[in-house]
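Annotated features, as they stand in Swiss-Prot:
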type	residues	note
ACT_SITE	Asp549	active site, proton acceptor
BINDING	Asp40, Asp43, Asp93, Ala94, Asn95	Ca(2+) 2 binding site
DOMAIN	6-122	domain 'C2'
MOD_RES	Ser2	phosphoserine
MOD_RES	Thr268	phosphothreonine
MOD_RES	Ser434	phosphoserine
MOD_RES	Ser435	phosphoserine
MOD_RES	Ser437	phosphoserine
MOD_RES	Ser505	phosphoserine
MOD_RES	Ser515	phosphoserine
MOD_RES	Ser727	phosphoserine
MOD_RES	Ser729	phosphoserine
REGION	427-456	region 'Disordered'
Amino acid sequence: MSFIDPYQHIIVEHQYSHKFTVVVLRATKVTKGAFGDMLDTPDPYVELFISSTPDSRKRTRHFNNNINPVWNETFEFILDPNQENVLEITLMDANYVMDETLGTATFTLSSMKVGEKKEVPFIFNQVTEMILEMSLEVCSCPDLRFSMALCDQEKTFRQQRKENIKENMKKLLGPKKSEGLYSTRDVPVVAILGSGGGFRAMVGFSGVMKALYESGILDCATYLAGLSGSSWYMSTLYSHPDFPEKGPEEINKELMKNVSYDPLLLLTPQKIKRYVESLWKKKSSGQPVTFTDIFGMLIGETLIHNRMNTTLSSLKEKVNTAQCPLPLFTCLHVKPDVSELMFADWVEFSPYEIGMAKYGTFMAPDLFGSKFFMGTVVKKYEENPLHFLMGVWGSAFSILFNRVLGVSGSQNKGSTMEEELENITAKHIVSNDSSDSDDESQEPKGTENEDAERDYQNDNQASWVHRMLMALVSDSALFNTREGRAGKVHNFMLGLNLNTSYPLSPLRNFTTQESLDDDELDAAVADPDEFERIYEPLDVKSKKIHVVDSGLTFNLPYPLILRPQRGVDLIISFDFSARPSDSSPPFKELLLAEKWAKMNKLPFPKIDPYVFDREGLKECYVFKPKNPDVEKDCPTIIHFVLANINFRKYKAPGVPRETKEEKEIADFDIFDDPESPFSTFNFQYPNQAFKRLHDLMHFNTLNNIDVIKNAMVESIEYRRQNPSRCSVSLSNVEARRFFNKEFLNKPTA
């Protein structure tokens, strides 16, 4: 990997698009020709088409039997001024069977000047005159935010949250240990992380959150980040109308009931019909639909069935006074022909924004999935419901959905299923979509009249619904293939210019615990090619992008928390990832996160995997910067693993188990149980299995509260010694300076 420059960044060039506005005013003497006019009076309408822009075809309404129509309809196009843009105007006659073209004209937009507004006449068939009003202006307010900095809403949240945490930490730690908390500048930024792992991760994280809530640790956290299964629990918790007034204890009881049912009950004919009809509505509006949409509906029906209309934006009310940690969710953008271990862009989701920090491009959550061009929305859709995002965040399970439901007839269970998920790559779930162009630009000119169009759409819907129903209720190719299972959305970076530049990196002077040389970077954790192509850019010409479960690259959401602008001091991570056995080393995902961080020049403590050989399996491990005076920006990590150790002997910290029943309920294995009750592919948890896993992680967390408190005290001291402790100051990020490109292109000696 010696060819990789660790300071390489891909940024979006600041650029401007043009907004071209057309008002179709009127037409006079519309004719079908002498013979045609004898048979019928025209029913005219106008189609506008610019091939170089998305959402390229527009049309007016039609008037029955009117040769002098007055439309006064306004249409807007977003244009790239660097392309040749030609407006094609087609005068149409609406007919019952198929509409008729009455004439076509073109107008080259390069003749328009910015700020100009004019009326332009067009003549058809030497008789008909049509008047269009045209204007051109610069799009000065794009819908994407181009910046590496945090959004203003998150900055405001952080300031409010620090005020709350200051008082909460004093209460938690006591006056002596919190004596260093003089102001909000002394408040450390604490982040809590949950891994993927299906319902095992979700149930385990529910126990964790109960313990953190009861102990007061949650009140001291700024961020809560989840991946796949943990993100499902976070979605369930934050979308609950009674949270945070009602704590996880009550909400977890509802969750236990919801996951006790057979998932096949979700596939009753009535429910399937409702799912598919809802998806048809999305498809017919012009949005891509994949199996991940269906999976999201099933997850939603299981976990948030009484609030299926909830959106990510609506979760703002849970943090509007900084009363809870800011929830962060994630997925990956992947390429069809590249393993996600080699290339993946991390996409982050919060109630405030969705975007990719790699490129510094962010949008409001309600715009995710809308059609963009050059940073401006050209077609806005309704905000995707939260359950759609839950399907995307955990989409690895839609790949082997037949295994989840047990409809394939396969008898393989347990570790075999884990291994199968382990071997999935993005190439298995992302089809190479050859039909990337807009459907609308491929349509023939004209449409049928409203009645015929309605009949045509109804036939299409019936056919599509029938195919989807048959695929869902039978062991069809849809279950047996992994192709095309990824989530798919319109590419919000379509048409942008990406510039590979080499900044005077704000990270370059940071001293990490151990600088990685080429040999260390080449050391594989899971795959010889891991992260080989992470510096490659997204394809800004592709009209749609594929988004998949982040666990397909590594199973902990560290990239969200390691964003330099967030300046996190203490990370408490909970790893529910599958292991070959209960006695296997638990650091694979953490080592991948470390390697990713080092390759991106982000501070990260050295993870010593040999601590497992020296100390054996423990409930949690602490990894610190060895020299905090030098490694001023390196966070401390407390890493909890899924292990049943002290829980077998104690029903609460310091309270031994005494009765036979108490001992039997705690005597279980996680990964060595031949019945595999905690398999990643288990989507039904009987009450006993739920309670065992929930109570285990509740105990493990409470049993190590002092470890967390001590780390908080140390983090306060680090803050006092280094008042500006933050990986990158927000002002520096916005003021980045770049090397001269000509200098960079000079040959090296």
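Quick reminder: no glycine exception, Cβ is built from N, Cα and C everywhere.
Small disclaimer: the values here were computed from a predicted structure and weren't measured.
Taking a C-beta cut-off of under 8 Å and a sequence gap of six or more, Asp40 (Ca(2+) 2 binding site) has these contacts in its own chain: Lys32. For Asp549 (active site, proton acceptor), the spatially nearest entry among the recorded positions Asp43, Ala94, Thr268 is Thr268, judged by CA separation. Taking each of the recorded positions Asn95, Thr268 in turn and counting other Cβ atoms within 10 Å of its Cβ gives the largest count for Asn95. Look at Asp93 (Ca(2+) 2 binding site): DSSP puts it in a strand. Cα of Thr268 (phosphothreonine) to Cα of Asp43 (Ca(2+) 2 binding site): a distance of 47 Å. Helix, strand and coil residue tallies for the domain 'C2' (6-122), in that order: 9 helix, 58 strand, 50 coil [DSSP]. Averaged across the domain 'C2' (6-122), pLDDT in this predicted model comes to 90. The Cβ of Asp43 has fewer other Cβ atoms within 10 Å than any other of the recorded positions Asp43, Asp549.
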